[in-house]
Amino acid sequence: MSKTPLLDTIRTPEDLRKLRVDQVQQVADELRQETIDAVSVTGGHFGAGLGVVELTTAIHYVFDTPRDRLIWDVGHQAYPHKILTGRRDRIRTLRTAGGLSGFTKRTESDYDPFGAAHSSTSISAGLGMAVARDLAGGNNNVIAVIGDGSISAGMAYEAMNNAGAMNSRLIVILNDNNMSIAPPVGAMSAYLSRLYSGKTYRSLREAGKQIGKHLPKLIADRAARAEEYSRGFMMGGGTLFEELGFYYVGPIDGHNLDHLLPILQNVRDAETGPFLIHVVTQKGKGYAPAEAASDKYHAVVKFDIATGTQAKAKSNAPSYQNVFGQSLVKEAAKDDKIVGITAAMPSGTGIDIFEKAFPARTFDVGIAEQHAVTFAAGLATEGYKPFCAIYSTFLQRAYDQVVHDVALQSLPVRFAIDRAGLVGADGATHAGSFDNAYLGCLPNMVIMAASDEAELVHMVATQVAINDRPSALRYPRGEGRGVEMPDVGVPLEIGKGRVIRQGNKVALLSFGTRLAECEKAAEELAALGLSTTVADARFMKPLDVDLVLKLANEHEILITIEEGSIGGFGTHVMQTLAEHGKLDGEVKMRAMVLPDVFLDHDTPTAMYANAGLDAKAIVKKVFEALGKEHKAETVKLA
């Protein structure tokens, strides 16, 4: 017998809306069980999705999706949404090759009107859709669901300020799962929320505003303040949103459908706006291990449902994130000017390790990358040595601050760029594909990439020693190569690479962790009679010009390999060769970069193979440069 008999009857939200209201809770219960079962098989973001099961069910029951546009901020909580919107039969393909995305994706379903994975974009996108609807004379609803973490970012407030000024008929649902804004909610709060979301209250309030326009200013201002005070006293938490021009409704229990459904129905039928509905939920709701340790179940690998034990593979190599955190701790023990900064990703970047050792010198600024960079710049002006640890994909959000506030002033901010290159299951939205290109064009910037975890230790020490300009150190997600680790980091000579293996026919110049693939390719090429040099550039800027020219002069073929897009390391090498006349027929130069597409999720190994950046692809590129076909030449040499 099925564990989800009612959910089995639902293919789309239209099927859900045919059910009686007293059946909706059973759907939510079954939806939660299906979400738990699916994620236990695939892994993925977990706690946030469990927290919005009732909210997801209620929204699709009340609103006419996809005609009514539903936007999930970040999108990592959208697994229940995907199950209800025609994708249940593929839910166990989440984050695998050819399977469902771990986030909302426009090309995946009409029920995903806006793709997401980075935070705080939903209200801006929703306002754009609402304005487009009004311009076209439509009457559909637009709903943006945003978390209490995401709403802390400046972009969300910019959008709310704009929406309030326009009196747009937009619905924003604040999913507060940290209890960070409001106290626990109760029956009186639910009653008042229902009252304030209703048509009678809104009509009276609008009438009061119109009357106020004809009263003397002093009296009108006092009346408005009294009204705001009374709402704040009774409701709590809404004054800020009211000041931005929103009707504030809440806080309400996001797991109580008896509260959620009537309020959503009232707001759905409203002719004015915008609304902010404050819903309080619990991360991991309905699964005891996740409720007890929400941080450990934010994102999970495959796990045992009965115990909650996650099936993490053992490794002999440390993760790059841990190596960075531990290296920074060692450096900070010798230098009290070192501080660590993260934008809401302490465990993802290794800053949590630093925080345990130096809590007073650790700053988590929240989802505020722009602020993080300029905050670091301010610290640098006062002689401190800020390490701003941030994912490559999120540093994009603070590019003007990097340019204007850091590079232009040559301030020694140290950027520790995590998740450089392809990241696997999180796919294109989280790939660190572009930082080589967008940082490499900036004056005053030192840019280096670790080829393994031991090099990372030395590069952290190198950044500590750079006090006259900004520096960027990039390294990938995941585990290192298992190399021998140094006891302490030793600063490297700026702008100097190293030769790993000497040959005379082919030169492979790597920037980053593709070095291991270069070494594999060199072995295969040597077996085929092609003597191959392997070099580790270490620095993209300043580039080791002497090394580049030496490789070009002493080899027939020079190939660069990097985990980044066009416009990065290979482009800089080509520019150098062109300036020295080395591309005038003297050397066959090829730059291996990520393809000019957004690569979908898969394992990192498969993604790099598909991108043409593994050892096999390197060997193939060498034969292409020679003007020979690899398979035929292999047979000939054999």
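The backbone N, Cα and C atoms fix where each Cβ goes, glycine too.
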Matching residue for the thiamine diphosphate site, where Swiss-Prot names H76, A117, H118, S119, G149, S150, N177, Y287 - out of E14, E30, E355, E369:
E369
Return the count of C-beta atoms lying within 10 angstroms of the C-beta of H76 (thiamine diphosphate binding site), excluding that atom itself.
23
Roughly how many angstrom lie between the C-alpha atoms of N177 (thiamine diphosphate binding site) and D148 (Mg(2+) binding site)?
7
Including all protein chains shown, what's the count of other C-beta atoms within 10 A of the C-beta of N177 (thiamine diphosphate binding site)?
23
Widest Cα span across the thiamine diphosphate binders H76, A117, H118, S119, G149, S150, N177, Y287, E369, in Å?
32
D148 (Mg(2+) binding site) and H118 (thiamine diphosphate binding site), distance between Cα atoms, whole Å:
14
Pick the one among the binding-site residues D148, E369 whose Cβ has the fewest other Cβ atoms within 10 Å in this structure.
D148
